[in-house]
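Asks: One structure coming up, written as C-alpha cells, with questions to follow.
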C-alpha cells in the first residue's frame with residue numbers, strides 16, 4: 001500500500017496538478033487533447049442513449065455524422081474519460097484520466113518489471129531495479145510528450161505485461177517445459193488487449209518485430225519447442241483466443257468493418273512523416289519545455305521526441321563498458337541502430353508514419369538489461385543515484401496546460417437555446433478545438449476533427465452541401481478580386497437562412513481568434529465574402545430614435561452592404577447619407593417592397609454624399625429591412641453615415657427579432673442567436 005501511495009504522489013508531481021486549475025484548464029497543449037475531450041463526450045452521450053460506447057454518431061459533422069467506431073483511437077483513455085464525465089465535470093474527468101493513466105503506466109511497469117526480475121532470479125534489489133525501469137519506461141520522455149496531446153498513445157502499460165508473458169514463454173522454451181498454465185495465456189492475451197487499448201498503432205509496431213522473431217527462432221532452433229507448446233496446449237490456446245477475440249471485436253468492430261468494406265482511409269500524406277535532427281536522438285525536444293531549447297535547437301514538435309532521455313542515453317552507453325556479455329551488447333547495439341534507421345523514415349509504414357514511437361522499444365531494451373543482467377548496475381547506492389537522476393530529469397519535462405477559450409460563455413449563451421446544432425464560422429475539418437465544443441454548446445456541430453482514417457464519403461457529406469462549402473476556407477479568390485465579381489445573390493440570402501432552419505441550428509459562432517479559426521486569413525476571403533453578404537453589418541432599430549448611425553465596413557469585409565433592421569412597425573425617414581473615403585459612389589437603397597432608390601451622389605474631398613429633399617419616408621413593418629448596397633467590392637476600410645428618424649407605430653404590438661441576433665461580441669467570438 002505504501003508503494004502505491006508513493007507512486008501516486010510521484011504521479012501527481014509529474015502531472016503538475018498542484019499548479020493546474022483542474023476545472024478550467026486541460027492538461028496538454030492546444031491540439032489533439034481537444035479532440036479526445038470531444039471523443040469522451042461522444043462516449044458519454046452514447047452511454048446515456050444506451051448505445052455502444054463507440055457507436056457512430058452525428059455530434060460532429062451533423063446532421064449526417066461520421067464513423068466514430070473507427071474515427072477514434074485509444075480505448076482506455078477515451079472510455080475512462082467518458083465514464084468519468086457521467087459523474088463529474090468533463091474537464092475534470094479529462095484531467096483525472098490523464099493522471100490515472102500516468103499512474104497506471106508507472107504502477108503496471110513496476111509490478112511486471114519486478115515479476116520479470118524475479119522470474120530470472122535477479123532478486124538482489126529487485127524492487128529498486130523495477131522502479132528504475134518503471135521511470136525509464138512508464139514515465140519516459142515519450143510518455144510525457146503524449147500526455148500533452150496524443151492521449152491515444154499515452155497508455156503504454158500493455159508493453160510490460162506482454163513482455164512478461166514473452167519472458168515466461170522464453171523460459172519455458174529454454175527449460176523445455178511445454179505445458180502452459182492458464183495464467184501464462186492470461187498474461188499473453190491481457191498484454192495484447194492492453195496494447196490495443198493504448199493504441200492500435202502499438203499492435204502494428206509489434207508486427208515490425210515478427211521477422212526478427214522468426215530469425216531468432218530459426219537461429220536458436222526453437223521451432224520444435226514452439227510446435228510442441230502449440231500442440232500440447234491447443235485447446236487452452238483456442239479457448240483463450242476466443243475470449244480475446246470477443247473483447248477485441250466488441251471495441252474494434254468498427255475498424256474491422258471499415259477494413260473489410262474499404263471505407264477506412266489509407267491516405268497518409270508526406271507531411272505526416274517527420275525527419276529528425278541529430279540532436280533529437282540525444283536531447284529532449286523543446287516540446288518538453290523551453291529549458292531544452294538551450295541544448296537542442298530543433299523545432300518544437302511532439303513527433304520529434306526521439307530520445308529515451310539523457311540519463312537513459314548515458315546508461316545505454318555504460319552497457320558497452322560494463323560486464324554485460326558481448327552477445328547482449330551486440331543486441332543492444334542492433335536495437336539502437338535499427339531504431340535510428342527506422343526513425344529516419346526511409347521506409348514508409350502505412351498507418352504508422354511517426355516512427356519516433358519506436359523509441360519505446362529502446363526504453364524496453366534498457367529495462368531488460370536492468371532486469372535480467374546481474375552484473376550490470378547492482379550496488380544499492382548506485383541504484384539510488386540512478387533513481388535520483390531519473391527523477392530530476394523528469395522535473396524538467398514541462399507539463400503543458402491550456403484553457404478552453406469561450407467555454408463559460410458558450411455554456412451561458414448557447415447551451416440554454418433550443419435547437420439541435422450550432423454553426424461554426426468558418427467551418428473547419430482539421431481544427432481539433434472544434435471537437436470539444438459540443439460539450440459547452442450542449443449541441444451538435446457541422447464540422448469537427450477526428451482521426452484521418454474515418455475521412456470518407458459519409459464524413460464529407462455534410463461539408464459537401466452548397467452552403468457548408470461556402471463556409472469552408474478555400475483560399476484567396478484573386479480572379480474575383482480582379483473582376484470585382486459578386487457570386488452571391490439575394491436568393492442565397494433567403495435560401496441560406498432556410499437551410500439553417502431546416503437543420504434546426506440555434507446559433508452561429510463567428511471565430512475571430514486566429515488560433516480558433518482562420519476567419520481573417522487570406523484563405524478565408526470566400527467565407528467573409530459570403531457571411532457578410534447573408535448577414536451584413538446591421539443596425540437594429542428597436543425603438544423611436546433619430547440621429548446618425550455609422551456603418552463601419554472594414555477591409556476584411558469586401559461587401560459594400562449595410563442593413564437597417566426594424567423590430568417594430570413604424571415610419572423610417574432618411575435625410576442624408578455620405579460615405580468616406582471616396583471609394584464607392586454608386587450605393588443604392590433597397591426598400592422593403594423590393595423597390596430601389598438610386599441617389600444622385602455628389603463627390604467632395606472626403607467622399608460621396610447625398611441630401612434627400614424631400615426626405616425618403618418609408619412605412620416599415622416589424623421584420624422589414626432596408627439595405628444600402630453597391631455591387632462593387634472594396635478591400636479598404638470605409639464607412640457609411642446615415643442621418644435618419646424613426647417613429648414607432650404605437651397602435652401595433654408586433655415585435656420580430658432579427659434572423660441573426662447578436663447576443664455576444666468580444667475579441668474572440670461573435671455569437672448570433674438564430675430566430
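Including glycine, each Cβ sits where the backbone N, Cα and C put it.
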Asks: Given the ranges 125-144, 265-284, which one is assigned the annotation transmembrane segment in TrEMBL?
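Replies: Matching range for transmembrane segment: 125-144.
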Asks: Quick one: which of 42-63, 328-349 does TrEMBL have down as transmembrane segment?
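Replies: Range annotated as transmembrane segment by TrEMBL: 328-349.
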Asks: Would the transmembrane segment (125-144) and the transmembrane segment (186-216) count as touching if the test is at least 3 Cβ pairs under 8 Å, pairs 6 or more apart?
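Replies: Between the transmembrane segment (186-216) and the transmembrane segment (125-144), which are separate recorded stretches, there is no contact, as judged by 3 or more close Cβ pairs.
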Asks: Ranking 70-87, 94-113, 151-170, 237-255, 328-349 by the number of C-beta pairs under 8 Å to the transmembrane segment (5-27), which range is first?
Replies: 94-113
Asks: Do the transmembrane segment (151-170) and the transmembrane segment (70-87) come together with 3 or more C-beta pairs under 8 Å, pairs six or more apart in sequence?
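Replies: Answer yes: the transmembrane segment (151-170) meets the transmembrane segment (70-87) with 3 or more Cβ pairs below 8 Å.
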Asks: Return yes if the transmembrane segment (237-255) and the transmembrane segment (186-216) have at least 3 CB pairs under 8 Å (sequence gap of 6 or more), otherwise no.
Replies: yes
